Amino acid sequence: MQGPSLSQLVLVLMGALLEAGTPREEVSSTPALPREPRTGTEGLIFHWDWNWPPPGAWPPGGPQDPLCLVTLNGTPGNGSSPFLWVVGTLSSYEQAFLEAVRHARWGPQDLANFGLCPPSLRQAALPLLQQLQAWLGEPRGQRLVVLHLEEVSWEPTPLLKFQEPLPGEASPLELALLVLYPGPGPEVTVTGAGLPGAQSLCPTRDSGFLALAVDRPERAWRGSGLALTLRRRGNGASLSTAQLQALLFGADSRCFTRMTPALLLLPPQGPVPMPAHGRVDSMPFPQPRLSPEPEEPLPSTDPFLETLTRLVRALRGPPARIPPPSLALDPGALAGFPQGQVNLSDPAALERLLNSEEPLLLLLPPPTAVTAGVPAPLQGPVTEMWASSLARRVATEFQSAAAELRGFPGLPPTATLLLARLLALCPGDRGDPGGPLRAVLLLKALQGLRTEWRWRERSGPARAQRSAGTAVSNGPCALRELSVDLRAERSVLIPETYQANNCQGTCGWPQSDRNPRYGNHVVLLLKMQARGAALARPPCCVPTAYAGKLLISLSEERISAHHVPNMVATECGCR
């Protein structure tokens, strides 16, 4: 009997590889626990005559998995299951979970299937499961957001980090459920910063799912992730890493892999596409602006102030959309600072301001001190000294600061025109009592902008290093994300990259509650530094706590998995 030809064998092998699909990006912090297999379209019903939105209707930078219309069992139109809008990938694991919730009657068998403890104990997840069941029966156009696990670390406590949802899909929420697919393990009590108190899980041999209620789901994709603390019910003993992995990430014997958790979010009802006569009346997404500009301020009656505002925004960038924080001033604290009244018409006071490039804080009187909303006039006439020698010096300072600003590379093209207009508007008419105030405002603004752009010029290489994750941040000492590439380590097979984190920021006095574990030694050093004492090594931001990492490596022609301590920075502090 003649065997298959070589070309047929090659085609068969290529077909097998194509059926296997392209492997998805692995979870960097779970090398021994790969993600679930690629999901086919089994159980996802796509009707042939549905008019889906074109690819351009989805916002750029959105998730790889668009909004899908699915059903759970049955075909559309036969009344067996309503249409469900799902944002994200609905794998076979989540599909089985939704099927189980839909058909549950919440008897003892169903409680055991979801790992719920006896009804005598308070179950935070049970009302949410029943609410999800009601949504599956009558979706009312609401979308179900499915977030998959991106990263996990096991020590000192499990930290689960999930995908970040689209803007507007995570706040506010009607429901947030953490769904786990368990393996063998004991009954446990689970606590965590994102959970509404302690919750009990009672898995049995018949348990296919575990569900935890989440009241602050944003912790699942911000920072280091959702922290879970599991202890045995009764004696409160902690579980080992192997026990945690076996319980939380059950094994899928058919695919030789582990089943990773998912976070299900149910935002409130909103306007969504609705089917009608085999068509979809789609509501396209608004095209996002790449560089959102702030709302233009109300036109000012003073062209000088309007031009100065435009110059500052052009050189410093648009302000944030959040409202500016109010400056709470403590009168007792202000009493300790050098202060005094400054007469802006006094040449000596203006000369002191000219000699200093420090920022200027102007405290305006409260609205009650101004009669009928009319600004109080400046006191004191404009002297001849201001009109002669001091005015020339102010003009010289203006021209010097403006010339230096024009010479900085990367200056916006509108800055030169705004500078020329400001110099023409200031100090104004000789008889204008606001001339000295305008001169001070313009001078301090130009000095501040010049100082900032000088710093940008000097720290250009440092910013390039900071983009690579090697420079120190200007904020307070805190934990920053840092990805480490292990591909240069030839002995390490998995993971290729992982989130190691790093500590960056400044150490100053007083220490804040960001780093509550500071010691007396660093407090004394920071106080000495604040008094101007020279220190050979000033306090710096360093990791103060670490977690281990599971690595799969190749050594002497053997593949081994071992736990390496102190691989992930979990806390930072000044030392």
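In case you wondered, yes, glycine gets a Cβ from its N, Cα and C as well.
The recorded disulfide partner of Cys507, taken from Swiss-Prot and restricted to Cys503, Cys572, Cys574, is Cys574. Noted from Swiss-Prot: Cys477 is disulfide-bonded to Cys541, selected from Cys426, Cys540, Cys541. Disulfide connectivity taken from Swiss-Prot links Cys572 to one of Cys503, Cys540, namely Cys503.
When Cβ atoms from all protein chains are considered, those within 10 Å of Cys507 (disulfide bond) total 21, not counting its own.
For Cys477 (disulfide bond), other Cβ atoms within 10 Å of its Cβ number 26. Counting in whole angstrom, Cys572 (disulfide bond) lies 7 from Cys541 (disulfide bond) by their C-alpha atoms. Here Cys574 (disulfide bond) is positioned 10 angstrom away from Cys503 (disulfide bond), judged by their C-alpha atoms. Calculated from their C-alpha atoms, the gap between Cys477 (disulfide bond) and Cys574 (disulfide bond) amounts to 7 Å.
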